[in-house]
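Chemist: What TrEMBL shows for this protein is this:
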- 209, 234-235, 248-252, 266-273, 287: FAD binding site (BINDING)
- 4-180: domain 'Electron transfer flavoprotein alpha/beta-subunit N-terminal' (DOMAIN)
């Protein structure tokens, strides 16, 4: 039997959905005789037990401490759990929080470490983690020879959040002593986000290089608003500063995890951009190049000028 551990996240007392995504990542490789434990550090950890009692979770470890994020405390919890339970895998959500404690914990444990993981599988009894490499141009498989424990940070909006309802064992864990050097006492969303939520949007109108010039972006912003769509973009648009990074779809941007309809206008469809669209149910592509890669994944394709198509759409909304 192997032990698997997820370190759940809460922010200001609210459980983050990334916790359920990370649980889903480990349940995807969980064997019948494995045990999955989820640890939650909070001022009232018992308040999160029900939300964490999803399919695949065998135990919730309640660490009563503080709702303020303390990377040193999280690191200490990981190290203590690892020494006590000898897990094969420990997983946390990828992000700035994880950067502040995961590498240090891996060093203390002499464990394997893979960050920003997008896929997991077991081959010949050994864990293999997949992540992007070379500026998001390739996917790399990583194995961990001779490592008893592997620490993973899991990319968000890749795994469907774990669901269902179970009855896991609940155990309490006293917070280990930690030399707390920093405490995060509050959170502020990025200034450029502007309420954009590509991951949660069901309808996205996305623009690429075909838009031609920054002065043309406003036309498609208005079109998206009139159509009730969220405006997305490819990487060149964000890199040029024509739209904030929060609009970018793709491996180095956001995953359109809940999108039902995606209209790609002037988007060539690079592998990196296609990754951000992999969960989309219906893709409509508009491009002047009939050989554009975007057509290979589109349900409907229009070979034509995006501005002419935009004008036709405006006439209907």
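Cβ coordinates are placed from backbone N, Cα and C, and glycine is handled just like the others.
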Chemist: Count, for each of the binding-site residues 248, 251, 270, the other C-beta atoms lying within 10 angstroms of its own C-beta, and report the residue with the smallest count.
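Modeler: Minimum Cβ neighbour count within 10 Å, taken over the binding-site residues 248, 251, 270, occurs at 270.
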Chemist: Among 209, 273, the binding-site residues in question, whose Cβ has the most other Cβ atoms within 10 Å in this structure?
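Modeler: Highest number of other Cβ atoms within 10 Å: 273.
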Chemist: Give me the non-local Cβ neighbours of residue 267 (FAD binding site): same chain, 6+ apart in sequence, Cβ-Cβ under 8 Å, ordered along the sequence.
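Modeler: Those within reach of residue 267 (FAD binding site), by Cβ under 8 Å and sequence separation of 6 or more, are 206, 207, 208, 209, 210, 234, 273, 285, 287, 292, 294.
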Chemist: Reduce the DSSP letter at residue 248 (FAD binding site) to three states and note it down.
Modeler: strand
Chemist: Using DSSP and collapsing to three states, where does residue 273 (FAD binding site) fall: helix, strand or coil?
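Modeler: In the DSSP reduction, residue 273 (FAD binding site) maps to helix.
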